[in-house]
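*Asks:* Can you read through this structure? Questions will come right after.
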Amino acid sequence: MKHTIIAAGLSVFAGAAFAQAPVLTVYTYDSFVSEWGPGPAIEEAFEATCGCDLQFVGAGDGAALLARVRLEGERSEADVVLGLDTNLTAAARDTGLFAPHGLTPEGLTLPVAWDDAEFLPFDWGYFAFVHRAGLEDVPNSFAALAASDISIVIQDPRSSTPGLGLLMWVAAAHGEGAAAIWEGLADNIVTVTPGWSEAYGLFLEGEADMVLSYTTSPAYHLIAEEDAGFAAAGFDEGHYMQVEVAGMLAGTDQPELARDFLRFMLDEGFQSVIPTTNWMYPAALPAEALPEGFETLLTPARPILLSPEEAAAVRDEALATWQAALSR
Amino acid sequence: MASRAQPLSGLHKTGAVFAALVTLAVLGPLAAVMARADWPLALGPADLAAIRFTLVQAALSALLSVVLAIPVARALARRDFAGRRMLVTLMGAPFLLPVIVAVLGLLAVFGRAGWINAALMGIGLGRIDVYGLQGVVLAHVFLNLPLAVRLILQGWQDIPSERVRLAIALGFSGADMHRHFERPLLRAVLPGAGLLIFLICTTSFAVALILGGGPRATTVELAIYQAFRFDFDLGRAAALGLVQVAICLGAGALAFGAIRGRELGTGLDRPPLAWPGDGQGARARDALAITLAALFLLLPLLAVALKGLPALAGMPLSVWQAALRSVVLALASAGLAVALALPIALFVARLRRPGMVEGLAFLTIAVSSLVIGTGMFVLIRPWGDPVALALPVTGLVNALVALPFLLRALVPAALAAEGGQGRLAEALGMSGMARLRHAILPRLARPLGFGAGLAAAFSMGDLGVITLFSSPGQGTLPLEMYRLMGAYRTDDAQGAAVLLMALTLALFWLFDRGGRLDAIAR
């Protein structure tokens, strides 16, 4: 409603054709919509074909995004929510606010099979500990990291999606042994931050040898800063994946447009923007289409990903294990 | 004291209404969140641990901040030197910065790779560890010492110079000065300042987490955040919100019990004189206190500035737009805060028990701004689009958050003005606006400027409510800084941090300075 008013207001400046355009509202996380994120390029590409006005609304991070939608309930202005990950989709599905997308995605390049009636992936990455190239005795497993005196910064699983991802990584790779891993890691952890930004900032300031981030983080330094001095440590037990997804809301007043957007999300116009703006792997772009520099990145031998249902089922216990081990 | 029999004027009635509105604006959203909650509620062992940690770190932080502030405020009150005002303003900066900027500055000095550790390693000594409870307290003292200094300094400057002159004439010694002036002054100021800092520290979240070192350092505010953001458990969030209100009321009851009436008398606002008992030793001690405080507070700021300045020129346009938006928001927020605080302070000054209403204002600190923001979201949703109202709501919440600071500074001044000038004004038959303009306002200009400066600065640094409501094109400077960090653009983010620091200080300085222009006839 308000968006049509704004659109009408804008049309005074932008010409009459614009006033008729339907509005598609996409809720997403903050860094997606910033001018150095994927948002602006994607908006331009989609609006060139849809005859609509695409409006991104930024709402914190992935978890905050879900909270926002739940807070607004069925009266949400949002047509599409973009930026949840698979650790959150079970909770999102349980709200009953999301509608089946009805699409059969083709050409997905995820290292795992995808079958989800409500959510489609748009990008993905592997969690990894990132370090400077000069670091000696880079650990090759959680056990080796725990045994070393290498310092790390991680994120709190109660306030950030990477923190939650690390929890899932340890839980999925070590099951019953997760508590022992966390107890071993306790003296390596310099500190725990509320979110990714703080942790990465501390790492860059030299407060720790390694930081929980993504295997794609060194690509930023390599491509945007022309600095080859960063690398990700490969762990033998495999690397947990973060798959970022989008879904359309059942209460949307633009179901066709929302579906068009989800379809467009897997097209090249969207996918090719992802690697050097979101610094993740696109979900439907072959490896040869990735920008130069991505071939230097670590490719984990074993991708690990819990299904949304498994992730939701183990979350509370994993959190309790984490809290108990690090509170000693 | 002014006669209590006088009927309340229009302004005082406005004050009463505003006080009620403020209470409503804070408790309404809390109630709205509670109404959406699933009852009954239960607190687990983790919550109790969070409550314990919150209380311990806040009490330690408040105690240390206030104790360390006393010699610094005392020194600043009695020494005049070149650059003194600049120093006072600069030293206020930590309190006004977004937490992550302050923390990164602090770590540049005290961190594992910081200056002090580099020096210690250089001479072969071990490393100091800044993480854990000591880190949390260090950061909270860094952030709140400036506030404590300013509040106590305000108290010192309220001592009429005529009294000091009289004391000199009577041949008072340093000990006499302490007994007759400083002790009553500190008794009047310290409980309130301590309470304020305690409350600020109870709502700490990012500082406690980053420097606390892990789950041991969980505060109630983080538990609220988790309940909202990850579990979307409004019931738990509301319950924890109530816990925070309870902590506030408990601390408030204790502090107000300790506050004694102030009978320091009134003067004619002459400049302060050198105090008796002011020997070489006192001078040296004062110089040491000022130097140490300046080093502690300014080195981290210097670190932030050194890192950020090179990036300043190359920052994207959106950062400058966000800066402009933040400045406008800060001005509106400061204006609103003053418009709310002035009538309330005048109303409170007329009450027999001023603590009651002032206590209500402290609620705005104790109730998590996340709870207020979410509650407002719930309240606005049926009537309008919260996102379209993001900036006004942020301005309102920031004004509410600044209110206790304004009242803290205004109420004693209003009491003194009523007590000192009210009688004279009544004798002259002055009432209404004339009385306000000639008798009361000149005495309030200094705390008003200070309070408005704080409100503006708070609003500049705020990162709470805006994140809940934000949409593109509405980002404030701190939010933009976070977006830059989130996009790996750490250099640009550091540039934005310097810009934020500079703008915040400039706004604070302008208001604070403006407040002094009228009040001091030097």
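The backbone N, Cα and C atoms fix where each Cβ goes, and this holds for glycine too.
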*Asks:* Choose the correct range: of B:16-39, B:88-111, which one does TrEMBL annotate as transmembrane segment? Give that range.
*Replies:* B:88-111
*Asks:* Suppose I define contact as three or more CB-CB distances under 8 A, residues 6 or more apart in sequence; do the transmembrane segment (B:237-259) and the transmembrane segment (B:88-111) meet it?
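*Replies:* Taking Cβ pairs at least 6 residues apart, the transmembrane segment (B:88-111) and the transmembrane segment (B:237-259) are not in contact, as fewer than 3 fall under 8 Å.
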*Asks:* Is the transmembrane segment (B:287-306) packed against any residues at least 6 beyond its ends, judged by a Cβ distance under 8 Å, and which are they?
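*Replies:* Answer is 68, 71-72, 74-76, 79, 87, 90-91, 93-94, 101-102, 104-106, 108-109, 115, 142, 145-146, 149, 494, 497-498, 501.
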*Asks:* Using Cβ atoms and a strict cutoff of less than 8 Å, what residues sit near the transmembrane segment (B:360-380) while being 6 or more residues removed from its termini?
*Replies:* 19, 22-23, 25-33, 35-36, 195-196, 199-200, 202-203, 221, 224-225, 228, 234, 237-238, 240-241, 244-245, 247-249, 252, 344, 386, 389, 393, 396-397, 400-401, 403-404, 407, 464-465, 468-469
*Asks:* Under 8 Å for C-beta pairs, could you tell me which stretch among B:88-111, B:188-211, B:326-348, B:493-511 has the largest tally with the transmembrane segment (B:51-76)?
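*Replies:* The stretch I would name here is B:188-211.
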*Asks:* So which of B:88-111, B:131-153, B:188-211, B:326-348, B:386-407 has the most C-beta pairs under 8 Å when paired with the transmembrane segment (B:493-511)?
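*Replies:* Ranking B:88-111, B:131-153, B:188-211, B:326-348, B:386-407 by Cβ pairs under 8 Å to the transmembrane segment (B:493-511) puts B:88-111 first.
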*Asks:* Name the range, of those listed as B:88-111, B:188-211, B:326-348, that has the largest tally of Cβ pairs under 8 Å with the transmembrane segment (B:386-407).
*Replies:* B:326-348
*Asks:* Please indicate, using numbers and ranges, the residues of the same chain that are 6 or more beyond the transmembrane segment (B:326-348) and have a C-beta under 8 Å from a C-beta there.
*Replies:* 8, 11-16, 18-19, 22, 354, 357-358, 361, 391, 394-396, 398-399, 402-403, 406-407, 410-411, 413-414, 418, 436, 440, 444, 448, 451-453, 455-460, 476-478, 500, 503, 507, 511
